[in-house]
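J.: Copying in the features that TrEMBL gives for the protein in this structure:
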TRANSMEM  56-82  transmembrane segment
DOMAIN    73-356  domain 'G-protein coupled receptors family 1 profile'
TRANSMEM  94-117  transmembrane segment
TRANSMEM  143-165  transmembrane segment
TRANSMEM  177-198  transmembrane segment
TRANSMEM  235-263  transmembrane segment
TRANSMEM  293-317  transmembrane segment
TRANSMEM  337-359  transmembrane segment
Amino acid sequence: MQNATGLNRTFDDPVSNSVNLDTTLNLTAGNNITNSTDSEAIVVDFRQFYKYGFEFILYGYFMPVWASMSIIMYALMITVFIRYGMTSKTHICLIAIAVCDSVSPIAPTSIWVYFFAIKKYFYYLPFEWCKIYHYTTEVIPQFFTYTSYFITIMMTVQRYIMVAYPFRADKLCSKTVVYIMIVLCFLTSVSIRLVHVFHYKYSETTVPGIDNANTTMQACTYSRPDWMPISFYKYLGFLMTAQTIIVGVIPCTVLVVSELLMIKAINVRSAKREAMTSKAKGQSQNDKNERRLTMATIFITAVTLFYMVPVVIIQVIDVLVLMFDVDIRDYNNLRTAIVVLNVLYWMCIPSNFLITCCLSREFRCGIRNLFIKPETVHNTIISIVSLAKTQESVCNSETTESVNCNNTETVMDEQKTSM
């Protein structure tokens with residue numbers, strides 16, 4: 001975002017040919033931009049936000065393909081979980097995360113494809129698209145990305161409780177509690193991000209035309225709303241500070257602590273399990289499944305920290321710039337870093353599917369069965385049922401022979417006694 005009163009700049013765009021950008025821009029509030037009375041107005045100019053050019057390629061071409069792949073993978077994941085009864089408390093959290101991560105890229109990807117791939121809008125944002133672009137790229141997606149993030153934190157804490165305090169887990173982490181916490185995660189995300197719906201005043205600004213320098217167009221401008229009593233940039237600084245603490249620092253700290261405690265708890269539990277000499281077969285299989293779920297949670301948490309820690313660092317730098325006027329030479333480089341981190345986040349989204357696929361044999365079998373012909377699945381089910389009936393018949397015959405043998409021995413004993 002760039003202040004409307006100081007837009008004199010020259011762009012050095014090494015990849016301008018790939019997106020056909022005009023690399024020279026010389027705008028001032030006095031001659032080329034009019035109708036901008038607010039000294040803190042922000043003219044939405046993509047050439048300043050994404051000055052290197054590759055950002056348009058990432059958003060307009062790479063993101064749609066990757067988002068489509070993620071939606072397909074998560075659709076398979078949800079189908080397998082529900083179809084094959086994988087509905088434990090951790091699986092419910094994974095389903096909720098899958099739903100959020102599938103919905104979140106739909107709105108921004110659609111608008112990016114329209115602007116950067118179809119319409120080739122590499123310059124100003126037209127005024128009529130002001131609210132739509134803001135809501136679809138900055139507000140609506142965050143409702144679901146924040147929810148996914150908070151559910152991941154909840155799932156990590158839940159798995160730690162189930163590993164460290166298994167006898168209290170049924171009460172503290174029941175399915176009812178999980179459902180309530182998922183709803184609370186969504187409501188918290190909406191409440192945190194809802195302020196972004198109202199904190200911009202949208203106005204139009206006359207700027208030089210894109211195709212012809214002799215014409216003009218009405219570009220979108222963000223400025224301080226009438227209800228805001230303080231400076232717009234000071235408000236943004238306070239908002240970013242609160243967001244960094246509430247959504248960044250505190251959750252990341254909780255994730256790191258929970259991750260370390262869970263690793264320690266699972267090692268202690270493994271040592272106790274090895275010390276036991278006798279275990280039922282079913283309990284052993286259940287322990288293996290629980291261990292796989294715990295390991296999946298550990299890896300998912302690690303991936304979350306992998307992309308969240310750099311985000312927190314960028315947010316801290318943004319706070320320093322807004323609140324303390326720290327000079328970072330070119331603020332738009334920070335925006336390029338945010339684009340890269342956004343893409344990194346979307347690339348990490350399918351990790352839950354891949355981790356679950358690697359660690360869960362039942363999930364792999366479920367995925368494989370989705371693509372087997374119905375006749376094969378039907379024959380497999382018949383074979384399983386027939387095998388069960390055969391085993392039952394064998395057990396019944398063995399039981400009958402045992403009973404007959406006991407009756408024969410009883411008769412012989414009675415005959416001996418009578419003699």
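In case you wondered, yes, glycine gets a Cβ from its N, Cα and C as well.
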J.: Can you say which of 94-117, 177-198, 337-359 has the most Cβ pairs under 8 Å with the transmembrane segment (293-317)?
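T.: Ranked by Cβ pairs under 8 Å, first place goes to 337-359.
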J.: Do any residues of this chain, six or more beyond the ends of the transmembrane segment (94-117), have a C-beta under 8 angstroms from a C-beta of it, and if so which?
T.: 19, 56, 59-61, 63-64, 67, 70-71, 74-75, 77-78, 81-82, 129, 132-133, 135-137, 140-141, 143-145, 147-148, 151-152, 155, 182, 346, 349, 352-353, 356
J.: Quickly jot the same-chain residues contacting the transmembrane segment (56-82) by Cβ under 8 Å, restricted to those at least six beyond its ends, or write none.
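T.: Tertiary neighbours of the transmembrane segment (56-82) are 15, 18-19, 46, 50, 91, 94-95, 98-99, 101-102, 105-106, 108-109, 112-113, 115-117, 122, 339, 343, 346-347, 349-350, 352-353, 356, 363, 366-367, 370.
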J.: By Cβ distance under 8 Å, which residues at least 6 away from the ends of the transmembrane segment (235-263) in the same chain are close to it?
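T.: Same-chain residues near the transmembrane segment (235-263) but 6 or more away: 146, 149-150, 152-153, 156-157, 159-160, 163-164, 192, 195, 199, 224, 228, 294, 297-298, 301-302, 304-305, 308-309, 311-312, 315-316, 318-319, 322-323.
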J.: Excluding the flanking five residues on each side, which residues at least 6 beyond the ends of the transmembrane segment (337-359) place their CB within less than 8 Å of a CB in that stretch?
T.: 50, 55, 58-59, 62-63, 66-67, 69-70, 73-74, 76-77, 94, 97-98, 101, 105, 145, 292, 295-296, 299-300, 303-304, 306-307, 310-311, 314, 367
J.: Check the domain 'G-protein coupled receptors family 1 profile' (73-356) for me and report the mean pLDDT.
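T.: Taking every residue of the domain 'G-protein coupled receptors family 1 profile' (73-356) together, the mean pLDDT is 85.
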